[in-house]
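Report on the structure given below.
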Amino acid sequence: MNRAFLIPAIVVFVFLFVIPLGQSFYWSLTDFTGYDPELSFIGLANYSTILNDPSMLAGLGFTLMFAVGTMVVVTLVAIPLAVQMNKAFFGKNFVRSLWFFPAVPSMAILGLVWSYILSPLPSGVLNTLLNRWFGVDAVSWLSDDTLARWSVVFVGVWAQAGWHAVLYLAYLQSIPHEYYEVAKIDGASPRQQFFGITLPLLTPAMVISSFLLLTNGLKVFDLPYTLTGGGPGFSTYTITQSIIVSGVSQGRYGLASALAVMFTVAVGVIGFSQLKLTSVISRRFV
Amino acid sequence: MLLSIGMIAAAILIGVPLYYILVNSFKTQADMVTSPLGLPQEWFFGNWQDTLTDAGMYRSFANTIYVTVLGVALQLVVGAMAAYAMIISSSRTTKILGAVLLLGFIVPGQSTMIPLYRTLVGFNLVDDLNGLVVMYLGGSIFCYFLIQGYMRTLPFEVIEAARIDGASANQIFWRIVLPLIKPILVTVGVFQTMWVWNDFLLPTVFISSPQKKTVVLEVYNAVSEFTTDWPAFMTVTVVALIPMVVFFIFTQRHIVSGLLSGSVKG
């Protein structure tokens, strides 16, 4: 009787995960277009198409760059920020809330807001201010390949740094105060205390935070899509955008499915390595 | 003192984009071009008047509320039911099932989107708000995961006592278990609300009619509509962000605890 309570979850799991994943895998080996019910097996042809298509390769490349870029920069910003937030100062709650807030609204809307700020036109906000204060000519923030990529990463960091700082803060607060007192008596400098006590004890938090940043980064879609639309050219194209364009808009189900399968495997491998890494690290430090 | 000034300055820098859209919603186009960050030379309420009298904006709010309330409520019920069954009957089969369900936690939505799109076309659920609700049901697995973690910390004597008194499994679930797990339901609910309310991926793929747009989609489309009229777009954005600010003020504590429980266990 009690097992009946499992039925809704099983139905959700079968219809929203098992069947579609199976279909994705099956279609990835076919030339299915959605219109023609006659589909034929084409083996791994879809996979080789992906590896030769410039737009899809660009999507893979930028998605990786975004995931790794935000992971590294957010971590470098969030840890010092958390250390500062852990001290007592006037306006602490205000500071924490303001840093944290960008993680709350929709990334799509924030991407649109930043598209006005970073507009490459001379009338863009940043360009207007740079021109007025420093006499700089209009910078092509979103219309130059490299600048556009870094602009997307920058906005991603802006939106997530405070959130991850709060995560680190929780771990910082669990470090016993005596550790620092003993270190001070032994004459350790603040710098030595940070590298000798704080950083090693933050390792579990770093593992979790970087895992979240990496997996969320791989799934990124909203931000580049609303900020740059994937451009200029395909420079800020993402895997998700490729899946939607080739699958839903162009009806190339086989191709989109192959991309989805590759994506699932990539996320799975990263998730698995993360689990391994966590157990190795926690055995060392805890 | 120095730390205070430094931190407040850094935080204000982070907040500038939010100040920017708010202040420009009270400017005319010309005023905004001359001073993008200054206060309005003359407070202009035309943008607000246009936005607040736009029926499309209200409809998009109604659509989003419908999808969010129904979607999150169903996710919580499905997740809580599964967690309850898992805790009560801990046989080997249920344990294996629990481990298998976790796969749904790892698989990204993008991987299942294309086949589900085809399936929903077959059920006439594409371009339908209920279709979105069905898609968001995938989040019940995440709910299940967090709820069962919380349930393990609960005293089981209460449930045993109720069973001995002759309460049915149904009565125990709705009358005893759900009230007991209210704290985790609130935390998970807040998290899932943020996801569903803010989601752009699924509405942009599944919704095409103007009458069925969610708020985020409405704002996205406003951009192409107001290509040159930036202050008009800023106003629409501010209106869309107001509920999130209010939500943030009231749930900040839950968001932080959810962030920690979700990440610590994930």
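Keep in mind that glycine also has a Cβ here, set from the backbone N, Cα and C atoms.
Any TrEMBL annotation is an automated prediction that lacks curation.
Feature transmembrane segment, per TrEMBL, maps to range A:255-275 of the set A:129-149, A:255-275. Within the chain carrying the transmembrane segment (A:94-117), a Cβ under 8 angstroms from the stretch's Cβ atoms is held by residues 81, 85, 124-126, 142, 151, 155, 158-163, 165-166, 169, 222-228, all 6 or more beyond its ends. Of the recorded ranges A:56-82, A:150-172, A:193-214, the transmembrane segment (A:255-275) has the largest number of C-beta contacts under 8 angstroms with A:193-214.
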